[in-house]
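Report on the structure given below.
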2 protein chains.
Amino acid sequence: MSMRAAVSFAAMLAASVATFGVPAFAADEPISPIEPAKVTNPGLVELGKKLYFDPRLSKSGFISCNSCHNLSMGGTDNLKTSIGHNWQQGPINSPTVLNSSLNVAQFWDGRALTLQEQAGGPIANPGEMGSTHALAVEVLRSIPEYQKEFGEVFGETKITIEEVTKAIAAFEETLVTPNSRFDQWLKGDKKALTTVELEGYELFKDSGCTACHNGSAVGGNTFQKMGVVEPYKTNNPAEGRIAVTKEEADRFNFKVPTLRNVALTYPYFHDGEAATLSDAVDVMGRIQLGKKFSPDENGKIVAFLKTLTGDQPSFALPILPPSTDKTPKPHPFD
Amino acid sequence: MSMRAAVSFAAMLAASVATFGVPAFAADEPISPIEPAKVTNPGLVELGKKLYFDPRLSKSGFISCNSCHNLSMGGTDNLKTSIGHNWQQGPINSPTVLNSSLNVAQFWDGRALTLQEQAGGPIANPGEMGSTHALAVEVLRSIPEYQKEFGEVFGETKITIEEVTKAIAAFEETLVTPNSRFDQWLKGDKKALTTVELEGYELFKDSGCTACHNGSAVGGNTFQKMGVVEPYKTNNPAEGRIAVTKEEADRFNFKVPTLRNVALTYPYFHDGEAATLSDAVDVMGRIQLGKKFSPDENGKIVAFLKTLTGDQPSFALPILPPSTDKTPKPHPFD
């Protein structure tokens, strides 16, 4: 595992805290600290990292997982909706991959129960990476270094899409972001937050935001209606969780997004229509809570939200094994 | 500088070799070893690395330098011709950025004399990143962390496109790939190459390949006609260096591509029409040298060429500073 020293230090710290129990200080709060990832199979994670960055999983040879969940940019593409194969406009805002292992399910409508199930989706989605599972696997099978690495990780294998997605998911599970200033505060460092940030946190709690945005991911753990007090107006046709459950009660229910690293994951909402944190706080206050935050209140809540940026994953850019003469060629323009 | 230990060790080794002079062994050869980069301004290089990976230099917010010169894939996109803004098909094969500091000039037609001059081209090319220099600079100026970093590197500054391209070029100058097996052999390790690889090298020299592919980059240092003995047939409209010099004699003259890391930089030629090294060797033999290599000869030359893969640049994926509420928004779909 190639996290940086700061993360390793945080890991030790977290381990020692775990040994003696979580301090009472944090236990009273609706938000709990992000714990560093525990890597049990580093070979699997390294393989998954390569696959995450490999654009040969797409039809064009140009789009990788990292294209839309860019680990240089908070695990997102910072676009309203993503760019897919042939520059198709995606239907929905790409959620951050950071801390996604803490989500109750994946995608805005929760249609994938696990990261592994999610990872297979974009590869074969004609509007995203535009490939097929069979072709992606054929590409990987043609590359001796991948054959060897899959063999080392999975034992004798022909390489399967289940192995591909398992490896990607294992890498994604390492993409947690501990050690935010808010978590330092949760763990007892009372100087980690400014007065304004703490006032923002109190407002965040007192206003009811923590009804949905709670737990270690500050969200991600329930589905909730977008527009409780007044309807949310959008041109985006996504209908939310009803697409999965077929229950009318789930219409316009979306997975509550994590607020971890929210300063990095703009723009906001499933349609990406809130350009700034200030906008997002304003809309959420009005349509979810029936509150009109004053500019001063809005600023304080935004200041608190910015304390949720944790240590970003740090690792060497993976070097991908080259294709061979037998590797199926990319088809970017047909 | 964040090269890995192996590179630093190679740097020490190279320094000690330099102290005592290049061994006679290598001096007789038309190819000289790649020397590790000497970083004199690490702050400038770090800034350039961020900019190299920052898709906000493009209109869409989706395309960075690394999109088409992907450092996970030999500094190329491994496509015949690149994908630009709005999925436009590029006119020519993207040359590798690796060892590009050793080129006599940049682009296939040499229209940029320096890496710095090159770096400004794609940002403002409507078919590539699709932005303008003014917009790219405006984006960077809106981001306090970039303001601070430019200030630290350049002193009091408003951020200019010259500074942006200077930083990118400084990063690119570090992207050299020493320590290939061929270079180990050049430096005296006679066991570094197999008999077949050495036979391939002898064929490469005896056949005349080194007339153009020589020096430390095994190319990159002259412009030569594509199709000396017989014409090269292609549907690609590029006319080569005549576009720069307006001299009829320069029609279909292209910069000789480097063969360093050529096993990673497929497909080949300015039109990307040679899919494999074997194809490329066959075509080059016929149209440049009037030789039809036998399958055995072709295989040996290819075996030699694969020994030119050096240590790939190794560094932590840069984490980019977030945009602010004032940052101009990306426009991927208009």
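Every residue gets a Cβ built from N, Cα and C, even glycine.
The annotation heme c 1 binding site is assigned in TrEMBL to B:Cys65, B:Cys68, B:His69, B:His85. Following the DSSP three-state reduction, the secondary structure of B:Cys65 (heme c 1 binding site) is helix.
When secondary structure is read from DSSP and collapsed to three states, B:Met284 (heme c 2 binding site) falls in the helix class. Counting only same-chain residues at least 6 apart in sequence, those with a Cβ under 8 Å from the Cβ of B:Met284 (heme c 2 binding site) are B:Cys209. Under the heading heme c 2 binding site, TrEMBL lists B:Cys209, B:Cys212, B:His213, B:Met284.
Annotation comment: TrEMBL describes B:195-309 as domain 'Cytochrome c'.
Per TrEMBL, signal peptide is recorded for B:1-26.
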Please give the greatest C-alpha separation between any two of the heme c 1-binding residues B:Cys65, B:Cys68, B:His69, B:His85, in angstrom, as a whole number. 15
Additional residues around heme c 2, ordered along the sequence, whose Cβ is within 8 Å of the centroid of B:Cys209, B:Cys212, B:His213, B:Met284: B:Phe204, B:Gly208, B:Thr210, B:Ala211, B:Gly219, B:Val256, B:Leu259, B:Gln288, B:Leu289
Taking the centre of the Cβ atoms of B:Cys65, B:Cys68, B:His69, B:His85 as the heme c 1 site, the remaining residues of that chain with Cβ inside 8 Å are B:Ile63, B:Ser64, B:Asn66, B:Ser67, B:Asp77, B:Ser82, B:Gly84, B:Ser94, B:Pro122, B:Glu128, B:Met129
Cα-to-Cα gap, B:His69 (heme c 1 binding site) vs B:His213 (heme c 2 binding site), nearest whole Å: 22
Can you give the largest Cα to Cα distance in Å, as a whole number, for the residues B:Cys209, B:Cys212, B:His213, B:Met284 that bind heme c 2 in the record? 11
Candidate binding-site residues B:Cys65, B:Cys68, B:His85, pick with smallest Cα gap to B:Cys212 (heme c 2 binding site): B:Cys68
